[in-house]
Each structure stands twice: as structure tokens, then as C-alpha cells.
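Quick look at what Swiss-Prot lists:
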TOPO_DOM  1-30  topological domain 'Extracellular'
MOD_RES   Tyr3  sulfotyrosine
CARBOHYD  Ser6  O-linked glycosylation site
MOD_RES   Tyr10  sulfotyrosine
MOD_RES   Tyr14  sulfotyrosine
CARBOHYD  Ser17  O-linked glycosylation site
TOPO_DOM  59-68  topological domain 'Cytoplasmic'
TOPO_DOM  90-102  topological domain 'Extracellular'
TOPO_DOM  125-141  topological domain 'Cytoplasmic'
TOPO_DOM  167-198  topological domain 'Extracellular'
TOPO_DOM  219-235  topological domain 'Cytoplasmic'
TOPO_DOM  261-277  topological domain 'Extracellular'
TOPO_DOM  302-352  topological domain 'Cytoplasmic'
LIPID     Cys321  S-palmitoyl cysteine
LIPID     Cys324  S-palmitoyl cysteine
REGION    332-352  region 'Disordered'
MOD_RES   Ser336  phosphoserine
MOD_RES   Ser337  phosphoserine
COMPBIAS  337-346  compositional bias 'Polar residues'
MOD_RES   Ser342  phosphoserine
MOD_RES   Ser349  phosphoserine
Amino acid sequence: MDYSMSTALYDIDYGMSEPCQKIDVKQVAARLLPPLYSLVFIFGFVGNLLVVLILITCKKLKSMTDIYLLNLAISDLLFLLTLPLWAHYAAAEWDFGGAMCKVFTGMYHMGYFGGIFFIILLTIDRYLAIVHAVFALKARTVTFGVVTSGVTWVAAILVSLPDIIFTRSQKEGFRCSCSPHFPASQYQFWKNFHTIMRNILSLVLPLLVMIVCYSGILKTLLRCRNEKRRHRAVRLIFAIMVVYFLFWAPYNVVLLLNTFQEFFGLNNCSSSNRLDRAMQVTETLGMTHCCINPVVYAFVGEKFRSYLSAFFRKHVAKRLCKHCPLLPRETPEPASSVYTRSTGEQEISVGL
């Protein structure tokens, strides 16, 4: 789990000028986090599992965008599968041993970074489809999507390695913890590196890519003659950027303040406790982005919603209502090449 999140679960923090009691923070976490994590897990798991099932059974992964959407959903599922254990950890202690501590820490961070990287790829994919449409016909193939997805997973594993290596389960006070333990001689370096890397990769880089790509997309869309579709596309772009910023910026700001408490004059017990509580709230807020991803990247497409309706008619309605009137048959999609435009692209004809 994230470094700053785990520190809030200790009874005492000896990093202050004098020992700082963390019992109140632990009690708040024990009451607040388990139900919040459970809600995020339920809604996020259902939404992302539906995306995976529809992409595989209905869309058949016919485009590069489908490949990226599938991997984004898998990243979110990997991340979400760790939440039940973190919920138990917040309420009690780590009861699952050292091996599980490392495994679930790895799943958490690979899902976290993988999700961010695939959002970046989807942003670039949309940019190519709209701004460089001719080039995109040759470049945006299923094969290229599979290759870049493989490279992206390798990158997600590499940036997760420090957390996997330094995280371990051990007895801390009266409870067993699962948290990072940096070498004492390099403690400050690794703590600062961890925070700066996370801020760059999860906030600065995605927002920079979004600003550059969506600025180019907006310039192209403003020349679109279909005013209704143009306005819909502009609203969608604005919503994607605002949602990402609102969900992840608070967490990254609090993480920065928490790591550099002395620099910001916050290295006292009361400030540390407030930052720990803020970390609990903002990280949970960031986690809920996993529930939003299926909506803004998949279900917003009219064609994807038709696949969702067909999926429920075929796999759910028939089982729940065996004696209902004959359900309308789904219309098969005409065969298409690897260059077929994806769900979001069909929605406004150019890539969103």
C-alpha cells in the first residue's frame, strides 16, 4: 500500500521531534476506510468487469482502442482486488503474512500505475485518430496496440519495484503492519524519491499529455461542421480532464505536504495527524477514479451502450425472465478491418 497511507495506521510516529500519538488517526481509519473501500470495490469491480466482458464477447477486440480499454479495465481490476485486504488492515492489522504483503503491494501499484499509463495511451490514441487521421489508419492496428500494451505493463512493473522491494510485514508496537521500510541510511532519499516519482507519473505527466493532446483535438473539432457533435465532444474532453484532476490532485498535494512536512513547517504532531486524515480521504477519493473510468472511457459511447444492452438481453434477461415475450435479437456488427473505429470514436465519428 502507499507509504503515506500506511503511516497513518500506526499508534505512534517517532519521526516527529517527540513521539506523536496516532491512536485517534487509527480509530478514524478503522471506522471510515473499510466501508469506503468496500463501496469502491463493489462499484469498480462490477463496472470494469462489464467492460472486459463486453470487449471480449461483443466487440471482439477489433481495434487498438479496444486493446487499451481492455488493459485499462484489467489494471483497475488488479488495483481493486487488493482493497478488501486493505479494508481489513485498516480495521485491524495485517494478518496475511510477508509473502501476501509483497504480492498485494505489487498488485496495488501495478494496477495503479498501469491504469495511469493506459489513460495516457488512450489520450494519445484519440489524438492520433482525430488530428492525424491519415497516419492513424496505418499506425492504429491491433498488433501495435498489443505491443505497446506489453511495453506499458513492463513499465508499470518497473516503477512498482521500489515499493515491492521495500515493503514487508513486521510487528510494529502491538500490531502487525504491511508497509515500506526504507534503509535507515537512505531513508529520506527513498521517501522523497517515492513521493516525487508518484507526483510526476500520476499527476504531472498525465495532465501534460492531456493538455497537449486535447488542445490539438479541440482545434480540429472546432472546424467540425456538425455543431451538436462538436459541443458534445468538447464537453466530454472537458469532463475527462476535470474529473482526473479533481480525483487525483488532492491526493498528490497531500502526499507532497506529508513527505516534506519540515520544509512546509508542518512537522508537529497536530499537523501530522491532520495530514494523515487528509491522506485517508484523498487517497480514497483517488481510488474511486476506478469506478469512473468505465463511464468516461467506455459507456459514454453510444455503440458501447448498445453492446451493453445486447449483453444484458443475452446473458441476464433470458435467465431472469424465461417466460417473458421474445426478446429482440441483437443486430450483428458488419465485419471490419483492424482499423475499425472504436466505441468512443463512433460516438462523434472522429475518435471520442
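One is the number of the first residue shown, and numbering goes on along the chain from there.
Each Cβ is built from the backbone N, Cα and C atoms, and glycine gets one as well.
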Secondary structure content, the topological domain 'Cytoplasmic' (125-141) (per DSSP, counts of residues): 14 helix, 0 strand, 3 coil
Across the topological domain 'Extracellular' (1-30), average pLDDT on the 0 to 100 scale: 60
The topological domain 'Cytoplasmic' (59-68) - residue tally per DSSP class, helix then strand then coil: 6 helix, 0 strand, 4 coil
Counts of helix, strand and coil residues, the topological domain 'Extracellular' (167-198), according to DSSP: 15 helix, 12 strand, 5 coil
